[in-house]
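K.L.:
Dropping the structure in here first, questions after.
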Amino acid sequence: MDDAGEICSFSRSSSSAREDDEEDQRWAALEKLPTYDRARTALLAMPPDGELREVNVQRLAAVERRALLQRVAGVADDHARFLAKFKERVDRVGIKLPTVEVRYENLNIEAESYVGRRGLPTILNTYTIIMEGLTNALCITKKITHKIPILHNVSGIIKPHRMTLLLGPPGSGKTSLLLALAGTSTLKVSGTITYNGHSMEEFVPQRSAAYVSQHDVHMAELTVRETVNFAAKCQGVGHHYDLLMELLRREKEQNIKPDPEIDIYLKAATTGEQKAEVVTNHILKILGLDICADTIVGNNMLRGISGGQKKRLTTAEMIVTPGRALFMDEISTGLDSSTTFQIVNTIRQTIRILGGTAVIALLQPAPETYELFDDIILLSDGQVVYNGPRDHVLEFFKSVGFKCPERKCVADFLQEVTSRKDQKQYWIGSDDTYQYVPVTMIAEAFQSFHVGQAIRSELAIPFEKSKNHPAALATSKYGVSMKELLKANIYREILLMKRNSFLYIFKAIQLKLVAINAMTVFIRTNMYRDSIENGRSYMGALFYGMMMIVYSALAEMGPAIAKLPVLFKQRDLLYYPSWTYSLPSWIIKIPISFLNTTVWVFLTYYVIGFDPNVLRFFRQFLVLFVLCEVIYALFRFIVALTRHPVIASNMGPFCILIFMLSCGFILTRDDVKKWWIWLYWISPLMYALNALAVNEFLGQIWNKSILGYKGPLGRLVLGSSSFLPETKWYWISIGALLGYVLLFNVLYTICLTFLTHAKEIINDEANSYHATRHSSAGNKGMVLPFVPLSITFEDIRYSVDTPEAFKAKGMTEGRLELLKDISGSFRQGVLTALMGVSGAGKTTLLDVLAGRKTSGYVQGSITISGYPKKQETFARISGYCEQNDIHSPNVTVYESLMFSAWLRLPVEIDSATRKMFVYEVMELVEILSLKDALVGLPGVSGLSSERRKRLTIAVELVANPSIIFMDEPTSGLDARAAAIVMRAIRNTVDTGRTVVCTIHQPSIEIFESFDELFLMKQGGEEIYVGPIGRQSCELIKYFEAIQGVSKIKDGYNPSTWMLEVTSTTQEQRTCVDFSQIYKNSELYRRNKNLIKELSAPPEGSSDLSFPTQYSQLFLTQWLACLWKQHLSYWRNPPYIVVRYLFTIVVALLFGTMFWGIGKKRQNQQTLFSIMGAMYSACMAMGVQNSSSVQPAIFVERTIFYRERASHMYSALSYALGQVAIEFPYIFLQTIIYCVLVYAMVGYEWTCAKFLWYLFFMFFTLSYFTFYGMMMAGLTPNNAMSAVVSTAFYNIWNLFSGFLIPRIRIPVWWRWYYWMCPVAWTLNGLLTSQFGDVNDKFNNGVSVSDFIESYFGYKQDLLWVAAVAVVSFAILFAFLFGLSLRLFNFQKR
């Protein structure tokens, strides 16, 4: 046996020696190549036998590419080893890596804004600001705004090779400091900031540094890999290619053989088409995102990655930059302490080894994470309280009289020691000697401390610019060539089109259906060419086809607006210039225009009976295709100009209206007033319709004479509409349309280049964190009566249909299981922590228990105090603080809480008690000073993330629930705010309530404030359910008893230790299955017995029930919803103010264009013009109301889903509130329009006629508005709503009776005429104004007789039209309510 072993060993060693010899020979051959070729050539071990192959990394075959990516993926498995090897390689040849030292001196930052009540965006304030702007422009008054100081005269140095932790309470100026240091601040900054002695003007800071925002702004439809890969393609490799070339040159000179693993990685990451993919895979691996790399990012309405993964994605997207300085803002929100430690440690390894510079702001760093940092910057009230080595920070605070207690995290101590409320507990002396030490005094003391003196001394000596490495600071504006940036944007645009392919397919099918509808209405068997009047029918068909193309493009505005936040972020960070974004969004959409035009023209042209000449067929196609491009470009320009969904949805219909009025169909060129004739000549629709008309009516089929007229019939038809009748005008019109395509796309690009988001409004009280006053209410419990309840659950399984991405990877199971046999109990008076690594299923379990899942498959039993859970009852006695803080943006903190309390507290609670209770809860979570602060939109305006989190908790607490689920209540909070929240939660539990919290990164103090722990591992399995114990003794005892688990270190955070020792990596290393160990433990059996005990109803008890489905009566629900909607509308100027401005402009436009036409009776064309005015106003203002209400509905609908899940109100009461609040605004809009138009157009001034006009316009605007609301309720998103709405706008347009009167509509479609609301509007408007007019036209026919004979309108049936328009308004409002009740498009 020994001989055999020796022979085998010798054989293996001989084989190994041969492989080494072969590798040496290949390396020797490689070394002989020129440096340029060697940079592109590497030795790659090919699977499965590891055969070495010489490959060109720039031109890889598919199999080589896969092998390369597999090989370099292994590099990320040990990031520190890789970095050390790389550093060793560059050190061997004497290459010095670039470093950056950042200095800031006498730095001041301030903002300018309206504050207090003037800061609230009410309609009145908006009009006041507009008037002030006008008076300021005329130098009559001065701008009344306040300067809000953020940072005061701060100075410091951030050195390379060192990790700097930025601490400070919210509102202290952390984000402003990071933005200023990164060179991306939009506020007023004074003082000096230098990189290696160079001012910001001497280099490109956006490419020399990377700012990682605390807000996760991504395109929801892209996957994680695609998001990071796009960033990598745009950022490029920086100086790394030059480094590689120099490295290879020196190694060749010194005859040094590089490490093969490092060599192939560097070459793959800096050259070839796969370089972005290599960097992307590496970053995803080290940040733990490789497990969700092919999952879409998602958003509130589209299921995607978790909040913690989204936060890591934000980090990944930015650290692909080759910049040497990192400024990272709250990157740990939503991450567990173990994951945070790993990420920060990975960054630390990079910074330490490669000489980078990093400033990272963290909210609740665990002690072990805190110790990874070298330096500390502590901000408070806009001043630097400490800036220096971590080792001296406790020494400094001890010198001013404060000491950090044992088992207290130093980071938590630092954030609390400057707070007026928390400072006293850290005072070294006796309570009698304590006096509050203001932040200014501490900051002054730091200047005298030896660390502060050393910084001042160093700042006094300028940095020697000669020491600056040439590659340290970027001087080129963009990372790669314009060609590469354009390719990256084109590829991304194609991806987005694929992900939204359903939308485009749906739109094409819809267009096909409308085309079938149109061609069967204008069918050739009913279309004649024997009179000018019949020629008008053909003109109407051309006009309708043109407007169909125009309206179909409206749906593009929603998706375009949704992408703007990502564009502005990436543009400002110099990912790419705006034109590389705008050009693909134009070019890639050309096939969509081609498809839409093809569907329309190919279906309708010959069926309607246009000129059969095939050349004229393709000419019509060309006009409509180019017009489609014009309208898409116009709407993109509007989106970029307004940058707001509501304003854009108003501007779109407004532009359509102007161009439609001036196109020559509704009002002929001869009838256009001389002061508006310029509008006729600049209207793109005029050129489109003129080209269509010339193409059709100059055809051979129209070249015939009719009795009583001279010249061909086609020219007579053109002349009757005042169109330009020469053939040349077809090509002139095509040229004009192409010019508009270019113009609007250029304007779109200019807007994207120079415009930014509107400045947010700052509330004075919300701005100051330390405005929160000390309150003794922090120790109070809630006083309202409630029923203590427990919840048990057994063998819970939750699964979803297997995603396509998993199937593509070979997963054959039909369902993906996210929770596996989960059992437990949550009891009254017991505070339970639900913990686990990111992706363990914590939020999923809470969603299942709370009944919030809208998809998937749930198995198992859930009982409430022994009785089976009934969701209707459970929603009444439970509260759920969701991870995403979803609130109505246009109400204040106090109003949000009052609304929740009003609808969720029992009807027996009177208003005074309810108000007192709300104030008590505000004091409990310390948001009383913020009661008048506007909530706002996350990341845009209003409350900061930590205040929003406290509001989320308060909204549930005011419901006085018996059971409360809290999903990451301390996520996004600093240590002090987290302590406030935990005190409030602890007080809540002490009143006898059942509270469960998922929690990340708890400090020792917060973790040990919980009574029990429910611990889950990745894969949705429980591994510990039981008591934590005093100083976590029970938890530690359980895990230390497991073989292979390392003992906890003294002073180590038990929660962090627990997550580390139970991680998947540790399970694999120790071969331990913690889930199986738990299920075989005595603790598991004890829990099973407890579940069994609690699952049986107590003797003499009864199942909880309520006499009504909701806490409040229907009328109260409606009043509460109406009250909140009133506040939301009053504070939504983009919606209301723009609507009224639009109405005024439209009224003046109509009044001046149709001036005095209501008094004329000369001929029938005059009546057609009057009806055209009515038709245009009805369609334009109606579509504007319908399209502008939809974004407002979608913003509130997400909040509605949360509130409905809590059983606050019925869908019908909410819908009625939404409908009712529109009536006063629509009525005022109607008054404005009717008074102006009625007077200027010259309708007959009688009370009855004016009231009829008012009546029909009011209900027309009402049913259009309610139709828009109904469509928002029936569709999953704004884009789909716009697409579906557009179809009905066009159908209503067709059957309105204007393009083709009822008597000319084919009999098989005439039934729909009676179902068209616009037809009844035109009937009512025309009949009420002219149905009793007996004046005669030039041909002797009276006005009333012509109306009855041509249109079929009868004066004595006016009341039918009135009933019809009222009925449509009621119908659409009812369907809106029904849609909210029946459909839930939120995917959870």
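Every residue, even glycine, has its Cβ placed from backbone N, Cα and C.
Swiss-Prot feature annotations, pasted as is:
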type	residues	note
REGION	1-24	region 'Disordered'
DOMAIN	135-406	domain 'ABC transporter 1'
BINDING	Gly168, Pro169, Pro170, Gly171, Ser172, Gly173, Lys174, Thr175	ATP 1 binding site
DOMAIN	484-697	domain 'ABC transmembrane type-2 1'
TRANSMEM	541-561	transmembrane segment
TRANSMEM	590-610	transmembrane segment
TRANSMEM	621-641	transmembrane segment
TRANSMEM	646-666	transmembrane segment
TRANSMEM	675-695	transmembrane segment
TRANSMEM	732-752	transmembrane segment
DOMAIN	791-1043	domain 'ABC transporter 2'
BINDING	Gly836, Val837, Ser838, Gly839, Ala840, Gly841, Lys842, Thr843	ATP 2 binding site
DOMAIN	1116-1330	domain 'ABC transmembrane type-2 2'
TRANSMEM	1136-1156	transmembrane segment
TRANSMEM	1167-1183	transmembrane segment
TRANSMEM	1223-1243	transmembrane segment
TRANSMEM	1250-1270	transmembrane segment
TRANSMEM	1305-1325	transmembrane segment
TRANSMEM	1357-1377	transmembrane segment
K.L.:
For the ATP 2 site (Gly836, Val837, Ser838, Gly839, Ala840, Gly841, Lys842, Thr843), what does the 8 A shell look like? I mean other same-chain residues with CB within 8 A of the CB centroid.
P.N.:
Ser306, Asp336, Thr844, Met1016, Gln1018
K.L.:
At a 10 A cut-off on CB-CB distances, which of the binding-site residues Ser172, Thr175, Ser838, Thr843 has the highest count?
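P.N.:
Answer by Cβ density within 10 Å: Ser172.
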K.L.:
If you measure Pro170 (ATP 1 binding site) to Ala840 (ATP 2 binding site) at Cα, how many Å is it?
P.N.:
29
K.L.:
Mark yes when the transmembrane segment (541-561) and the transmembrane segment (732-752) have three or more Cβ pairs under 8 Å (sequence separation 6 or more) and no when they do not.
P.N.:
no
K.L.:
What does DSSP call Lys842 (ATP 2 binding site) in the simple three-state scheme?
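P.N.:
Note: Lys842 (ATP 2 binding site) is helical by DSSP.
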K.L.:
Excluding the flanking five residues on each side, which residues at least 6 beyond the ends of the transmembrane segment (541-561) place their CB within less than 8 Å of a CB in that stretch?
P.N.:
500, 503, 507, 511, 514-515, 518, 522, 527, 585, 589, 596-597, 600, 604, 608, 610, 624, 627-628, 631-632, 635-636, 638-639, 643-645, 648-649, 652-653, 656, 660, 663, 665, 685, 688-689, 692-693, 696, 1183, 1187, 1191, 1277-1279, 1281-1283, 1285-1286, 1289-1290, 1293-1294, 1299
K.L.:
Using a 10 Å cut-off on Cβ-Cβ distances across all protein chains shown, tell me which of the binding-site residues (Val837, Ala840) has the largest neighbour count.
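P.N.:
The residue with the densest Cβ neighbourhood is Ala840.
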K.L.:
In Å, rounded, how far does the Cα of Gly168 (ATP 1 binding site) sit from the Cα of Lys842 (ATP 2 binding site)?
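P.N.:
For Gly168 (ATP 1 binding site) versus Lys842 (ATP 2 binding site), the Cα atoms are 29 Å apart.
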K.L.:
Sequence gap of 6 or more, C-beta under 8 Å: which same-chain residues meet both conditions with respect to Gly173 (ATP 1 binding site)?
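P.N.:
In sequence order, Ile109, Ile150, Leu151, Leu379, Gly382 meet the Cβ cut-off.
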K.L.:
How many whole Å apart are the CA atoms of Gly841 (ATP 2 binding site) and Pro169 (ATP 1 binding site)?
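P.N.:
If we compare the Cα positions of Gly841 (ATP 2 binding site) and Pro169 (ATP 1 binding site), the gap is 31 Å.
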K.L.:
Can you work out which residues elsewhere in the same chain, 6+ from the ends of the transmembrane segment (646-666), have a Cβ less than 8 Å from its Cβ atoms?
P.N.:
539-540, 543, 546-547, 550-551, 554, 557, 561, 634-635, 638-639, 672, 676, 679-680, 683-686, 688-690, 721-723, 1132, 1134-1135, 1138-1139, 1142, 1145-1146, 1149-1150, 1153, 1169, 1172-1173, 1175-1176, 1179-1181, 1183-1184, 1187-1188, 1190-1192
K.L.:
Please name the residue among the binding-site residues Pro169, Gly171, Gly836, Gly839 whose C-beta has the most neighbouring C-beta atoms within 10 angstroms.
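P.N.:
Sorting the candidates by Cβ neighbours within 10 Å, the top entry is Gly836.
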K.L.:
Going by DSSP, give the three-state secondary structure for Gly836 (ATP 2 binding site).
P.N.:
strand
K.L.:
Taking the Cβ of Lys174 (ATP 1 binding site) as centre, how many other Cβ atoms lie within 10 Å?
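P.N.:
There are 24 such Cβ atoms around Lys174 (ATP 1 binding site).
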K.L.:
For Lys842 (ATP 2 binding site), what is the tally of other C-beta atoms lying within 10 angstroms of its C-beta?
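P.N.:
Lys842 (ATP 2 binding site): 27 neighbouring Cβ atoms within 10 Å.
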K.L.:
What average pLDDT does the predicted model assign to the domain 'ABC transporter 2' (791-1043)?
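P.N.:
The answer is 88, the mean pLDDT of the model over that range.
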K.L.:
How long is the line from the C-alpha of Pro169 (ATP 1 binding site) to the C-alpha of Thr843 (ATP 2 binding site), rounded to the nearest angstrom?
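P.N.:
Thr843 (ATP 2 binding site) has its Cα 27 Å from the Cα of Pro169 (ATP 1 binding site).
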K.L.:
A 10 Å Cβ contact count, applied to the binding-site residues Gly168, Pro170, Gly841: which residue has the minimum?
P.N.:
Pro170
K.L.:
Could you give the Cα-Cα distance between Gly171 (ATP 1 binding site) and Gly836 (ATP 2 binding site), in whole Å?
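P.N.:
Pair distance, Cα basis, whole Å: 31 Å.
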K.L.:
Given Ala840 (ATP 2 binding site) and Lys174 (ATP 1 binding site), what distance in Å do their CA atoms have, once rounded to a whole number?
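P.N.:
With distance taken Cα to Cα, Lys174 (ATP 1 binding site) is 32 Å from Ala840 (ATP 2 binding site).
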K.L.:
Can you grab the distance from Lys842 (ATP 2 binding site) over to Thr175 (ATP 1 binding site)? Cα atoms, rounded to a whole Å.
P.N.:
30
K.L.:
Express the distance between the Cα positions of Thr843 (ATP 2 binding site) and Thr175 (ATP 1 binding site) as a whole number of Å.
P.N.:
29
